[in-house]
């Protein structure tokens, strides 16, 4: 396998990306293309599935060409993707019968309430690890079957195929030869039993979704089959699939029970590897499958924060306090601390572990001495505080004391935020050299399947440290900071609950 590389396809919510990795896990070339966001009604979010495919195929070819290579240089392809986003297509034509309904879409919220009223919540959580929510794929499939003309009849005839974005890409890369998904994506549908590792007939019946629509569920790292498209002249093994947060956990090499990563993006996604047994959360976290390699399954606890880096965008676009995101660190550093100011950025409610949809953004502790720098500091602090709330819930659920926090995503470049995160969590925040951990995770899963890398131990040895942030704030100050945050959260909830 001299001079061969792994191609990782990272199909995200706003863009399709492709990256070529070498044997040491270094990025050799990249390509990226944004695509259209479709908002037919308030609360509805859609993508054009054909555009998802065309942009992803385009950047795959571009990344390889940019590196001066062709398909013969690629040992395998790994796919990682935005999760839960739902596509239904006609098996005979290969054409979608409706746009992709995106994970953010809330059109099925009322239907989810009906399912809860029927008493299904406990059963769904016990089987799938998930709460009943429009976030997940199941109710989106049901909406398409109920609202697209002729869909129900075609489904009964076995003509319709459902897939998350990974399934759609594999279907197109193999010209309809493979209709598959992996366990991580299946575990986000609200239809997959994470204990038996099978589609759940009882849930399919409750939601009136024909089993014939569903893809075959495979491991996250195995050779599924070769590409058959004209994107590449030669056939390349498709060999790794994982949802974006699962791939990031693997790319961060959080392969042991109790290891945790936090991706600081627009929101924050915190995931803890819990080993070979699923842990049912008592603290409003989601239980999910981390990945499957061979027969080995790893489970995870996950907590999502709605507003992470988005709070910095609000300071820029909403308040005009900063001109660009990079300025926030300089402004926030100009004061020694937030001076008692707390920002609860519940612009769209509060996510894990609070799950309060009615809460709204609130600013506390403001005096005549409060400056834009204090507000900037409070905004950065809020990202760290929300992360601590989730991490403490993970510790409570798992009974595992977190040893360190591995960090990635755009906002982890902010040294002030990372230091404060370490301070109030009381453990090191560790930033890797390769920041593209999601794509790297997909590459690793594919490379393992084809023997490009020998085993996980070899991958562990590749993980390189950029910077370690060690707690430095005295315990009394940490306690005072956290007590103030808890008061702010209580007050924000009280504001939401007061008529």
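Using N, Cα and C of the backbone, Cβ positions are placed for all residues, glycine too.
These numbers come from a predicted model, not from an experiment.
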Of the candidates 263, 266, 362, the one that Swiss-Prot places in the ADP site of 13, 17, 309, 410, 414:
266
Among 39, 135, 299, Swiss-Prot assigns to the glycerol site of 83, 84, 244, 245 just 135
For the sn-glycerol 3-phosphate site (13, 83, 84, 135, 244), what does the 8 A shell look like? I mean other same-chain residues with CB within 8 A of the CB centroid.
82, 85, 102, 103, 188, 243
For the ADP site as recorded (13, 17, 266, 309, 410, 414), determine the largest distance between any two Cα atoms, in Å, rounded to the nearest integer.
24
Candidate with sparsest Cβ neighbourhood (10 Å radius) among 13, 245, the listed binding-site residues:
13
For glycerol, with binders 83, 84, 135, 244, 245, what's the maximum Cα separation in whole Å?
15
Which chain-mates of residue 83 (sn-glycerol 3-phosphate binding site) that are at least 6 residues away have a CB under 8 A from its CB, listed by sequence?
103, 164, 184, 185, 188, 243, 244, 245
With an 8 Å cut-off on Cβ distance to the 83, 84, 135, 244, 245 Cβ center, who else from the chain surrounds the glycerol site?
82, 85, 103, 188, 243
